[in-house]
Every structure is written in C-alpha cells, then in structure tokens.
Amino acid sequence: MTNWEEVDTYAKRWIKEAGERIKKSFSEDFVVETKSNKNDLVTEIDKGTEQYFITKIKEVYPDHHILGEEGMSSRVENLEGIVWIIDPIDGTMNFVHMQRDFAVSIGIYENGVGQIGLIYDVVADELYHVKKGHGVYMNETKLKPLVPVKVEEAIIGLNATWVTENKRIDPKYLSPLTKDARGTRSFGSACLELAYIAAGRMDAYITLRLSPWDYAAGKIMVEELGGKVTSLRNEELDMLTQNSFFASKPELHEEILQKYLQNGQW
Ligand code: IPD
Ligand code: CA
Ligand code: CA
Ligand code: CA
C-alpha cells in the first residue's frame, strides 16, 4: 500500500527546494537553447531541475517511474504503477524573458489515476496542492468548489494563436467565443492557468496542443473542485501524448461545447 501522506510530504519538500534553486539562478548566467523551433526554449535550469527531481525520487522510491518534459529519465511507455509527471519549468519563455509567471508542476498518478498534484509559482511563493479526495489548497488556504458562470461573464485562458490562421483549428470556432466572453487571458504557463481556474481567478482554459506534463497536476485540481477536463472534442485525455485541451467549470464546459464547438464535432 502506498503511503500517500509520505509521498506528499516528500513532493512538497522537493518542489520547494527546486524553487529555491531556480530563484538562485536569477543571479547567474545560464545557457538558453531552442528545441523544435526558435520560440521553443529550454535552459540548463529546466534540465537541472528535472535531474534534481529524478535523483531525489529514485533515492526514496526506486520503483516509481518519472515522465518529465526534458526526457532525462528512462522512457515511460505506460501508466502502470506510480508515475511522477513533471514539468520542471512550465513557462520557460516567461522564465527567460520575465523572471516571473512560470511554475514547477508535478502530478503523481497511480495506474493512470491522479493522486497528488503540486504547482509551485516560485516567484509568488504560491504552492497549489491537491491530494485526491482531500481538497485543493493554495498554500494553507482551502480552495472552494467551482461556481457556475455563463460565457458572457467568464474569463477564458486562450492564446491568440488559436483565433488567427493556424494548422489546428479554423478561427471561425473560437473567435466568436473571444467576442462573447467577458475577457480572455494568456499567461504563458499552462499549469498556472489551471491553478488559476482552481483558485477561481479564471473560468476556463483552451488550447489546441498540450502535453501531459503541462496539465498532469492541474487536471487533478480542477476535477477535485468539480470542473471538467477533456480534449476540445470532449474526449478523455491520453496522458502519454499531446492533446487538444479544454478545462472549465462544468456548466461553462457544456455551454462552450454546444454553442461554439458543435458538441465536439468541429
Ligand atoms: C508551455 C507553456 C505554454 C503553453 C505551451 C507549453 P513550457 O510549456 O505551458 O503556456 O502554451 O503549449 O508548451 O515549454 O514552457 O514548459
Ligand atoms: Ca518546453
Ligand atoms: Ca510546459
Ligand atoms: Ca517545461
């Protein structure tokens, strides 16, 4: 039997320590490289942070698996057993350019079921955390269940990419939504946008491309508070590949799917 209390304690300790290491890096020079394209950045701090988690986890839990964005651990082929899904820095572009609005994200899954989620906004020193069935917290404050809202009063996290010409979705679907909503926001860190939904600061988040490490922790939080997390076609997410992504308060999820996305048949 897994002692989740103990796993939670270690995970919180390590994520705080990782945050301290990242903060220290602000005063140092670090190398920035590009990955798939010129805007897809990675730094040695992303890699060092992921390696730090791997070392810590392997020391205490040698039989746990690790799926990290930077691929520093051995490949994860399935979600059997306990898998730590880690984004060492979510919002690397913000980290490099702005030194704020990035976070460390850890989702811990057992046989595909999310058990623990941690999102640490390092600069704001806000740790969002959930243990399945025990509520969601921002630091010591317990977050409230999500309250229904209509599109016209909703703030929706949405990147401008998806309402201009792009390869994944015709702008005719999401551009009316941006007109009807009270406002849209784009923070540049997917996990923080999910933490903001949990905290009631935002009502939905939509993107056409997201990886498991971006949402592994936030999904557990939003669902714990009664929200819905699916693909933009209203399918269950595959935790091992990229997906389109739609997290929202439940009624809003239905309203957006019906009015703007042809019930997922777009
Ligand atoms: C990115 C951020 C960004 C989202 C991208 C992600 P990274 O993660 O979450 O907000 O729009 O899709 O890849 O690369 O900074 O960890
Ligand atoms: Ca990245
Ligand atoms: Ca990310
Ligand atoms: Ca990252």
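Keep in mind that glycine also has a Cβ here, set from the backbone N, Cα and C atoms.
Where the annotation comes from TrEMBL, it is an automatic prediction and has not been curated.
Per TrEMBL, the candidate among D214, D238 that belongs to the Mg(2+) 1 site alongside E69, D87, I89 is D214. Under 6 Å, Cβ to nearest atom of ligand 4: this is the test, and of the binding-site residues E69, D87, D90, D214 it is passed by E69, D87, D90. Those same-chain residues not listed among E69, D87, I89, D214 yet with C-beta within 8 angstroms of the centroid of the Mg(2+) 1 site C-beta atoms are D46, G68, I86, P88, D90, T92, S105, C191, S211, W213. Least crowded of the binding-site residues (D90, D214), judged by neighbouring Cβ atoms within 10 Å of its own Cβ: D214. Within its own chain, I89 (Mg(2+) 1 binding site) has I22, T43, I45, D46, T49, F95, F102, A103, V104 as residues 6 or more apart in sequence whose C-beta sits under 8 angstroms from its own. It is E69, among the binding-site residues E69, D87, whose Cβ has the fewest other Cβ atoms within 10 Å in the structure shown.
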